[in-house]
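Here's the structure we're looking at; comments come further down.
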Amino acid sequence: MDHFARVSLVAALLYTNTWAKTVRETLRITWEEGAPNGQQRELIYINGRFPGPNLVWDEDDDVEVTVINDMTQSVTVHWHGLDQRPIQPGDSFVHKFKAFPPGNHWYHSHQKMSLVDGLYGAVHVRPKGDRKGLWSQISQDDKDIEAMEKAACDPEYLVVSDWSQYTSDEYWKISNDSGLPVFCLDSILVNGKGEVYCPGQKFLQGELAPGVLDAFPPGTEVSDKGCFSPALDRIKGGPWNMTERPDLIPPHVETGCVASRHENETIVVDPGRNNGWVSMHIVAAATIAQIAISFDSHKFWLYEVDGNYVNPREYFSAIISAGETFSIMMKLDQEPGRYTVRIPNTGASQVFSAFAEMVYKGHEENDKKLGEARLSYGGVPTSPEIKNNSYFPWKLDTDHMSPWPPSTPRPGNADEEHLLVLGRVGSPNNHTMNAKYLYPLGFRDEEPLLFYPNATLGTENEGLLLRTRNASWVDLIMQVSTLAGDEVAFKHFIHKHGGKTWRIGFGTGVWNYSSVQEAIQARPNDFNLETPGFRDTWITAPSASGEKHWSVLRYYVDNPGPWLLHCHIELHLMGGMGMVIMDGVDAWPDQLPEQYRLGKRL
């Protein structure tokens, strides 16, 4: 979500902002007991609620958010654009920025794995521009166009997260102590509500997506929680020079499902408003899961991805990966009543699901459910028609949803090219963004690069950085499945702070070209510079049998600052899959305002 990319701390010093209204918010963060899926554990509350409040602003508002940390551990609230030291227990910090760009965004923690503990919420920046050209692609009717604009400015919010009965510290300790990639979860939550389902091992085995078992030895089965064993060679990779301790994985983490009934989210929609149109902003506040979403007997138009408008396309279901945001528009044209919203995990990590209900206004007391399912419990489309009209991030014809209004990168060569080799190194839980370097999450916490940009020069830590020049075009070439022990690779959800990128290339094999231009000439069908997608989170291809893949991301440096590039799977980021891009470092100011400093030591 480079949701406030153009209002970074550095950019704020370089550009003059126009006057706008000032909006002030306060977020008080506490650590309390809760049971969002019916099972008790400690978690993070924001202003006494989980997840945090939806924050709604108008484009170009001057926003001031005071974050008060009433926990006993340090924390950050991350707007994908601010660089600061963690907020210590008992301290506070005031974030100041322009509400830009318009669209569907979110906020969350970037301190260790505390996203796992519940620090997240939705952000909506209402636009001031005219979007008739967007809605007219859905309907030519003037009433519909006006109604969709109103619906988009007053959407329903669906914050979808995965959930474990273990805190982030406990979960990471289990992975480290066992030496295995533990990724089994308990629930998927919608707006902080959900249950734990235990339909039985045989049922879950039958819900595996077609082709998944082909990647495993014959006879491989999932557990009664729908998880593959982390000790499988296809899961842990390697061989690694280390000792595995599966006996240190506690009961009920991978096996031993314990069901609990609680409460699922109910979304009340009104077909009498906005000519029957409703908009929904969906935030994938997940830590591991790659979820799908469908609404029984309803179709929807996907019109925004990662806070950027796209030329709308109509789907029965859509898959959204950790860290992404989608906005959809739906016509409430079915029989009034109660419909199931299905939110299954679709990745190979686990077979589990969640449900919510969409209820037409006036039918809240009607318990009868209407409609036909679009997805199975395991996320498999229920018919060829559903499959052929669903959004899949690994299919280029759907994944490359072109921006609206049109936005294209410079053709030909970029000014700078950087080859990044992603994967595991040394153990199942060590992940790198650039061949060997592991990014520690506490890197430069006490002396942030924003204040000390030259601190790593001449040291090995310079390998954790890229430096770019302002007003330059940059290509990031990402190679997967080539590191020893990581030939069979899990997908990664790669997110760049500070600005979006166009994915101009996506192909198989080992990248062995001297330049992107040479690759374009050799493999023109693997590149798209005319209508490429434009977003801040991209999915790398998984490798079930050792096939190699690469992607090329292009962007223009117009937002100077120290920006994190990382995998949005929390276990991968915690294991080192991150680096800092020092964009436009030649344009950074010599002096920073005192209010950007947190603590007296900076």
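Using the three backbone atoms N, Cα and C, a Cβ is placed for every residue, glycine included.
Marked as signal peptide by Swiss-Prot: 1-20. What Swiss-Prot lists as domain 'Plastocyanin-like 1' is 30-128, and the listing cites sequence analysis. Feature annotation from Swiss-Prot assigns Cu cation 3 binding site to His110, His497, His566. Among the features that Swiss-Prot reports, domain 'Plastocyanin-like 2' is placed at 157-345. The annotation N-linked glycosylation site is assigned in Swiss-Prot to Asn176, Asn241, Asn264, Asn388, Asn430, Asn454, Asn470, Asn512. Residues or ranges marked as domain 'Plastocyanin-like 3' by Swiss-Prot on the basis of sequence analysis: 461-584. Marked as Cu cation 4 binding site by Swiss-Prot: His492, His495, Cys567, His572.
Residue pair His492 (Cu cation 4 binding site) / His110 (Cu cation 3 binding site) shows a Cα separation of 17 Å.
Spacing of His497 (Cu cation 3 binding site) relative to Asn264 (N-linked glycosylation site) is 33 Å (Cα to Cα, whole number). Taking the C-alpha positions, the distance from His495 (Cu cation 4 binding site) to Asn388 (N-linked glycosylation site) comes to 28 Å. Rounded to a whole value, the Cα-Cα separation of Asn512 (N-linked glycosylation site) and His566 (Cu cation 3 binding site) is 24 Å. The shortest Cα-Cα distance between His110 (Cu cation 3 binding site) and any of the recorded positions Asn264, Asn454, Cys567 is the one to Cys567. A separation of roughly 19 Å, to the nearest angstrom, links the Cα atoms of Asn176 (N-linked glycosylation site) and Cys567 (Cu cation 4 binding site).
His572 (Cu cation 4 binding site) counts 27 other C-beta atoms within 10 Å of its own C-beta, drawing on all protein chains shown.
In the three-state DSSP classification, Asn388 (N-linked glycosylation site) falls within a helix. The Cu cation 4 site is set by His492, His495, Cys567, His572; from the centre of their CB atoms, other residues of the chain with a CB within 8 Å are His431, Phe493, Ile494, His566, His568, Ile569, Leu573, Met577, Gly578.
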